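J.: Under the heading Fe cation 1 binding site, TrEMBL lists Asp44, Asp77, Tyr80, His246. Per TrEMBL, Fe cation 2 binding site is recorded for Asp77, Asn115, His209, His244. What TrEMBL lists as domain 'Calcineurin-like phosphoesterase' is 38-247. The feature signal peptide is assigned by TrEMBL to 1-22.
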Amino acid sequence: MGCDRWVMLVIPIIYALSNVSGELKRFEQPSKGDGSLSFLVIGDWGRRGAFNQSQVASQMGKMGEKLDIDFVVSTGDNFYDNGLRSVHDLAFEESFTNIYTANSLQKQWYSVLGNHDYRGDAEAQLSPLLTKIDTRWLCLRSFIVNAELAEIIFVDTTPFVKSYFQDPEDHIYDWRGINPRKHYIANLLKDVECALRESNAKWKIVVGHHAIKSVGHHGDTRELATHLLPILKANNVDFYMNGHDHCLEHISDTENPIQFLTSGAGSKAWRGDVKQLNREGLKFFYDGQGFMSVQLTQSNAEIAFYDVDGKILHRWNAFKQFGDHSSI
């Protein structure tokens, strides 16, 4: 039996509902005429331009034009410190619309929620009312983007982290739509596994807010390593992309081709907050602000990380031949 799903079409900023039947909504994102695909990845950014957010946005605009990007991916923690208060919160325009103003960034933005977003009105970010304010905005808990060459599954990782429920400290989380937590997580994992199993995309990408592997401040997310990672490995996922740690980072799995890519440096960075720099599989770590680009063709994927001045800090390529899942 196939996966039940929603299907939507993105052309290229406006999306339209075309089928309704299940849990994960699916969006169709056209690739370029030559079949290639390029996009930027940014996370942990919404600070009304402060902490170099505006400078990072400026460099994103320049690189977006150079690469002729098709869309932008946000890995969560979209609005600090405590998400949006409502759909009328001016932080949406002050931290998003008024910051990412370059022509090249006037493309669809696909966003997930981070833990800071859950500390406000989480459902506000999911509201179509925000899309009426800025048509680029598309944020759901979990969903799928079929970009022809690649299939990107966005996963709501915050509910996986048990400490947010058991020891929230002074924070108040908006768990509407999540409880009972175990049921929510079980259904989500089932949906993700089903989507990956049925995917015929050349490149399989999963995006979440929390890291599976990281040498940054937060480190590995144990719950994701236990429950999500085995599904990713079993279904030949090429890249897991995340934010949460305010850094740029690339870690290779030592037993599987999957690559772990952190892009959580959209504004405030944590200088010197690092652990395990001698970790096996670590290819790159940077504790300043910046972002990541992804360029895909049938046979090649190029990942690049940039600092606040637009300098390339790390570039890496993966190659595929005749449908094989292989990388270098």
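Backbone N, Cα and C define each Cβ position, glycine as well.
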J.: Could you state the CA-to-CA distance between His246 (Fe cation 1 binding site) and His209 (Fe cation 2 binding site) to the nearest Å?
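T.: Rounded to the nearest whole number, the Cα-Cα distance is 11 Å.
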J.: What are the non-local neighbours of Tyr80 (Fe cation 1 binding site), defined as same-chain residues 6+ apart in sequence with CB under 8 A from its CB?
T.: Gly46, Arg47, Ser95, His116, Ser267, Lys268
J.: Work out how many Å separate Asp77 (Fe cation 1 binding site) and His244 (Fe cation 2 binding site) at their Cα atoms, rounded off.
T.: 7
J.: Fewest other Cβ atoms within 10 Å: which of the binding-site residues His209, His246 wins that one? Let me know.
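T.: Each of the binding-site residues His209, His246 was scored by Cβ atoms within 10 Å; lowest is His246.
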J.: Please name which of the binding-site residues listed here, Asn115, His209, His244, is nearest in space to Asp44 (Fe cation 1 binding site), Cα against Cα.
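T.: Answer for the nearest of the binding-site residues: His244.
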J.: May I have the list of same-chain residues other than Asp44, Asp77, Tyr80, His246 whose Cβ is within 8 Å of the Cβ centroid of the recorded Fe cation 1 site, in sequence order?
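T.: Other same-chain residues near the Fe cation 1 site: Gly43, Trp45, Gly46, Arg47, Gly114, His116, Gly243, His244, Gly264, Gly266, Ser267, Lys268.
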J.: If one looks at the chain holding Asn115 (Fe cation 2 binding site), which residues at least 6 apart in sequence have a CB under 8 angstroms from its CB?
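T.: Listed in sequence order, they are Gly76, Asp77, Thr158, Val161, Tyr164, His209, His210, His244.
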